[in-house]
Amino acid sequence: MAKVLGFLVLALSVLNCEAAIFKPISDSHRSAALELFTPAHGSLSSLEETYEALRTFEVLGIKKQPDQRAATCVTVGDTLSSPTSALKDLFQALRVNGLLNCELNKKTLADIAPRLKDVVKSASSLLDYYYSVGSLVLIKGLNSDVDVHLESADSVVRSIKALSQSDGRWRYSSNNPESSTYAAGIALESLAGVISLASSEIDQSLISMVKSDISKLLDGLEKYDDGAYYFDEKLADAHGHQGPLSASSAVVRGITAFAAVSAENLNLPGDKILGLARFLLGAGVPGNAKDLYYQIEALASLENNRVSIPLILSLPTSVLSLTRKDQLKVNVNTVLGATAPSLTVKLKQIFSSGSKDASVIDQDLKFDHKNGVHYLDALPKDIDVGNYIFSFEIVLHDSEHKMIYATGGRTKVPIYVTGVIIVDNAEISVLDSDLGNIETRKKLDLAGKNSISLSANHLQKLRLSFQLTSPLGNALKPHQAFLKLSHESKVEHIFVVGNSGKQFEIILDFLGLVEKFFYLSGRYDIQLTVGDAVMENSFLQPLGSVELDLPEAPEKAARPPPQAVDPSSRFGPKAEIAHIFRSPEKRPPSNLSYAFLALVLLPFVGFLVGLLRLRVNLKNFPTASAPAAFAILFHLAIVAVLSLYSLFWLKLNLFTTLKALGFLGIFLLFVGHRTLSHLASTSAKLKSA
């Protein structure tokens, strides 16, 4: 069986075209959220991070999350009840409370509202408006009894509008001349909050000016070739460096928030709203928690809004096999993966790789109600293996849905059609150099095993030929077709196999290759590599060997390059060392050993006899508690030393014994000194008495 090339990946056939696959939020985002928002030491570092984590979990539908409600609610209560809490902290605490529903004292919210109203009246920066107005909106949602209405809403709108620029962007304050797209997003959110808090209807001319600002802002959108739109933010300010993801997210949240409270229809282009959704989804799974929150929060704003709800066309797989007769399947969902309304997906055109010409299909895909998938029974008959661009169009059944959902016209998606390639008429020959006559010819089975053996000299040639045919009988030109000759000294030579139509052929003229081969005669292993991303049976096939007889190398001929040292030979396991131990010496008779043991014990017996002759008694044993303890430890230490000697005789080695004896000796010296000092002092007192 042919070996599939591991290094042939789908990336080899990336198309140079305006097409991409965007997929709604998936389980990868949920796994990333649980990993990125993992609290350190039991809790997140701030209320802002806590809100971002809780909001992300809520949008993604993650039920299993770290239980920090009790500790977080304590922090929320302390922040809201403290008169010295910063404006931003109050805002974040109210946002967290909106998700956790902490049990707050109603008087706490009533005390905060007047302070926030005063900030709105005297605010001088955009962030002050954002935090104060946002906090009042949150209090309004928590407790309708608290008075949060703004009496002079028109003047507040004018104050915020004064920070806007002619291109639709906003400044953070009147003292800051630079404008920011991210600031435009939070300005629109602030204006939406002012409208919802207004005690009377806002002047419609102000609403019209804001609508004009939104249109100007959308005119500054950047566009990718795949249809994704984004805002390029280059301003780095006190709020931190804002990139395209955070800026685009802020504007999306601002536009959808303003549209939710505006009585008028903003009439925004659906293709740009869909393009923003494609950009947010095209970011994949962000690698940090902040970017993940920006992405998920913006997509949640697009999921259900009054502007335009994007519909995302995606494919479960972009690789279809002709051999397995795979069906073309298409999914249409919202950005968060919700079911789309009743619609039809049309396959309009199919573009071939590297060609601007397209075949017109205009075929409706069938809908599988059980699995919610649009599918095509079979690919068009003229579709062979290769790279294609499929052009789809979404047609909504209900005319009212056209005002609600954004489909974006035609969507181009890259499709890779694969199949088993027929490899036949494979043969290898040795030719005569002068007339080209075939001296040796061998048939090859490139789908099986080959072990041919050839011989040639420098006046002959080696020819290899085979054919590659697609499932529809067309010629296939693979990405890789190499012939490798490896000398027994590990010197390798690789040649590209050329083709003319279906026929692939390579001829090696050894007379012209003697210098390239470094005049090395001997055996050369032959290996053929053929592979392509659309070829399901790519192979790396050993063919056999050829014995080359080349002339002797001239004196000034190039030498083979030094071969790389195999790391396993230097750092791998070494050969096992077989060591033969010396035969043990012959032991003496057991009787002699016992006699020697008796001689060793004889001094100890003499020691005991000496103690008896000296009439040893315990009359001088200390009676006081501390001296008695030292005396007992002294005797125990002596016993321990004697026991250590016994262990050395039975099983311990010299080094272990000396190490233990060192510790015991120091201990014995200490307790012995204390014991003998006590006896000496006692004796001196008796003599003086």
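Just so you know, glycine gets a Cβ as well, placed from its N, Cα and C.
Now, the feature entries from TrEMBL:
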SIGNAL    1-19  signal peptide
DOMAIN    25-303  domain 'Ribophorin II N-terminal'
DOMAIN    311-417  domain 'Ribophorin II second'
DOMAIN    425-548  domain 'Ribophorin II third'
DOMAIN    581-681  domain 'Ribophorin II C-terminal'
TRANSMEM  592-614  transmembrane segment
TRANSMEM  626-648  transmembrane segment
TRANSMEM  654-671  transmembrane segment
For the domain 'Ribophorin II C-terminal' (581-681), the number of residues DSSP places in helix, strand and coil: 78 helix, 0 strand, 23 coil
PLDDT averaged over every residue in the domain 'Ribophorin II C-terminal' (581-681): 84
Helix, strand and coil counts within the domain 'Ribophorin II third' (425-548) (DSSP): 4 helix, 75 strand, 45 coil
